[in-house]
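In TrEMBL this protein carries:
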REPEAT    242-274  repeat 'WD'
REPEAT    286-320  repeat 'WD'
REPEAT    332-363  repeat 'WD'
C-alpha cells in the first residue's frame, strides 16, 4: 500500500495534486502538477492522472512483492531441505558410531573374560605341562593366536563401520555442495526435448501446422492439401485429407471455441473449414486476398480475422464460423513491402506487424473498435522482420532475418506511451550466413509455462523465462535446411515438426524442470 503523504505541486499552488509528468528527463521534484499548473502547461509533454500513476505503482509493487515472496519461499525450502538432509546424515553417523563403540566394547568384554579364566588352574594339568618341556611356551603361543584372531574379527567389524563413515562423509559432501549451489544461485529452468516418434512420412512440403484448443486434433499442410490428424499422447493418426486450394497451404489457425479452422494459401485465398458430423470438415466459404497469404490471426471474440500477405496491406475481415461468412471489412496500409507476421497483445489493445520493408508497426484499437496507426518503432537493427509476437501485455519480441544479419531476438516494451527497444534483453542466436530466415513459422508463446517456441533459419529454439524475468535459450533442434515447419500443443507438452531432409514428422515431448 502506498503511504499517504502531503503531495505538493512543484509550483506550490497549495492545491491538490492531480497529475504527474512521466517524461524521464523531468526532475524528480518537478513532476507533480495541480489543476492550476495544467492551465499553462505544454500539452505535448506526457502526463498521467495521479490515480492512474498510483494504480500503476501499486500493480508493480504487488508484482514485485509476489516475486520476492516466491523467491524467499524457494530459498527457505532449499535451506529446510538441506537441514533435513543433514539431520538424516547426523542420525546415520550416530547409529554408525554406536555400532563401532558396541563392537569395541565386545572386544573389551572378551579380553576381560580371558583375564578371569587365566587366574585359575588345575594342579594335575599344570604338573603335566611342567614335566613336558615346552608345553607352557606352546600354550602361550596358542593363547596369543587366539586373542589375535578374536581381535582381528572385532577390528574387521569396526573397519567395516568406519568405511560406512567414509560413505556418509562423501554423501554429506555432495549434498552440501549441491545444496549450496542452489541456495546461492538464481534458479534456472531447464527443458529437455525427447524424440518419441519419427515414423510418419510426408513427401510434399509442409508450410503450416496447427493444433485445436485441447491438442487432440492437428491440421498440417501437405502441398495444396490439408491433412487432419488425431493427436493422442504423442501419437498421430490421419483422419481426413482436404483438397480445395490451388497452391501450397501457407497458414492454418484453429478456433479456440470450436474445432473449426481457417487456412491461407499461396493461391491468395482464405478458406473457412467447418466441422460436420464429428471428424469431417468442409469449406463452404472462400475469399480472394489477391496476394499469397503469409500470416493469419483471430481476435478473441472470433468475429475478426486479420491477414498479412505478399501485398503491403493488412486486411481486416469480418468472420462468422457458424454462418460460414468471411467479408473484407477494411485494410491497414502503412507497410511498403510484404507483411510477414502479426501479433495481438492479451487485451487486444495493440496489434503489431513486421515485414520485408524492415519496419515494425504498432496499431492501436480506436473507439470505433477498428485498428488505427500508432507508431513506427525505432529499431537498432534495420533488417527484414520475419516473426513478431507479444509475450506480455506491453512487450513483444521480433526476429530479424537477413542472410548476413544480426541473428538475434530483440525485445520491445511500452514506455511513456511508445514501444522502445530493450537492449539488455536481446538474445543472440546461432549465427548463419547461408540463408535468410523464412516466415510462415509463427512464434508460439505459452503464458502459463512462460516458454517461447520459434524457428530461426535452420534451428528451432525453445526459450524459457528465468527467475529474474529474462528469457534464455533452454533447448534447440538443429536441421540441415530452412524447410522445417512446426507447432506446439496449447499445454506445451508436445511439439510436432515436419522437416524436408527426411520428409517426415518428428514428435517431441517437452520436459520442463527447475
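Cβ from N, Cα, C; glycine included.
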Can you tell me how the residues of the repeat 'WD' (242-274) break down into helix, strand and coil by DSSP? 0 helix, 19 strand, 14 coil
By a Cβ-Cβ criterion of under 8 Å, what residues six or more beyond either terminus of the repeat 'WD' (286-320) are in contact with it? 244, 247, 250-253, 255-257, 262, 264-272, 326-333, 335-344, 348, 351, 353, 355, 357, 363, 370-371, 439-440, 442
Rounded mean pLDDT for the residues that make up the repeat 'WD' (286-320): 93
Going by DSSP, how much of the repeat 'WD' (332-363) is helix, how much is strand and how much is coil, in residues? 0 helix, 18 strand, 14 coil
